[in-house]
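Participant: Have a look at the structure that comes next, please.
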Amino acid sequence: MSGKRNKDDERYLDLIREANDTTKLTIYDARPNVNAVANKATGGGYEGDEYQNAELIFLDIQNIHVMRESLKKLKDIVYPNVEESHWLSSLESTHWLEHVKLVLSGAIQVADKVSSGNSVVVHCSDGWDRTAQLTSLAMLMLDSHYRTLRGFQVLIEKEWISFGHKFASRIGHGDKNHADQDRSPIFVQFIDCVWQMTKQFPTAFEFNERLLLTVLDHLYSCRFGTFLYNCESARDQHEVRSKTVSLWSLVNSKMDIYLNPFYTPESGRVLYPVASMRHLELWVTYYIRWNPRIRQQQQSPVEQRYKELLALRDEYLKKLEELQLSDSSPSSRLAISPTPNT
């Protein structure tokens, strides 16, 4: 449309391809094709035919405005009342799970290509919303380290905080203008995708649902400095690291409550979740937990029983330790020593 070219960018992508010794570089554009074409009229665009030895794939993930409206519709059907008679059709009308499906599907494509030994380029319009979703989810699928409690913290710090997701603009910290067009639940949607993966792979993640809920609660609370401001430059300017406490200090001081009792470490295993509407669920524990008409069960009966058994085990181990200490004390040895013959 505009006919513009950037030869430096073309050469840069060609060097990425050559570094991996592949005949073709795959470029994943998170946007729908029609949106990418429209962006050309405003000075943006996408990789055209001039990018030789490159394959461009559009992932059809909608923009921040569509996601914002979708979450608004979801909130309307879960609070203050849940209409049972039209629940499924109402949920479908929000398109929220469809968007979750597309994000997961895109991340699966990225992970599959990388696991085959190929380099990829992932981008959207600006690189701090859909791109962060796709890269972080793909890394979660590819690398078991990021599925550990501390590894997940590193993933969020690296792909979201350091790379410049605009938390302040997307969440609206300290801004009473709730109609701000920059607001969008991009990070919430990412955590929802992670939750979907934990449901499909219940033994693959070291952390549990409580961690995901804690992260989202403090995304909005402003109690910690972790999600404040839009970029690292602003955080440095406002001395966030010296004036605030990190959310991870809270998490790491209470690690036991965030651990998944069914976790089984499997290094090298790549996770491929099923991105199908039949396998996706509404995250009821998060989206409907404040509805006064619905009583939430915070833990599954199996997990609750498991924790009870762990507590019982700890109690017995403590008693055993006390008995062993008692048996090894000098007074106990004296009491049981045989009386010498006279």
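Cβ from N, Cα, C; glycine included.
For 1-287, the entry in TrEMBL reads domain 'Myotubularin phosphatase'. Per TrEMBL, the feature substrate binding site maps to ASN63, ILE64, CYS124, SER125, ASP126, GLY127, TRP128, ASP129, ARG130. Residues or ranges marked as domain 'Tyrosine specific protein phosphatases' in TrEMBL: 94-140. According to TrEMBL, the feature active site, phosphocysteine intermediate maps to CYS124.
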Participant: Restricting to the record's substrate-binding residues (ASN63, ILE64, CYS124, SER125, ASP126, GLY127, TRP128, ASP129, ARG130), give me the longest CA-CA distance in Å as a whole number.
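Facilitator: Output for substrate binders ASN63, ILE64, CYS124, SER125, ASP126, GLY127, TRP128, ASP129, ARG130: max Cα distance 12 Å.
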Participant: Using a 10 Å cut-off, grab the number of neighbouring Cβ atoms around the Cβ of ASP126 (substrate binding site), all chains included.
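Facilitator: Excluding its own Cβ, the number within 10 Å is 12.
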Participant: If I restrict to non-local contacts, at least six residues apart, and a C-beta distance under 8 angstroms, what lies near ARG130 (substrate binding site) in its own chain?
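Facilitator: ALA30, ARG31, LEU59, ILE61, VAL103, CYS124, ILE186 - these are the non-local Cβ neighbours of ARG130 (substrate binding site), listed in sequence order.
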Participant: Compute the centroid of the Cβ atoms of ASN63, ILE64, CYS124, SER125, ASP126, GLY127, TRP128, ASP129, ARG130, then list the same-chain residues not in that set whose Cβ lies within 8 Å of it, in sequence order, for the substrate site.
Facilitator: ALA30, THR131, ILE186
Participant: What mean pLDDT does the predicted model reach across the domain 'Tyrosine specific protein phosphatases' (94-140)?
Facilitator: 96
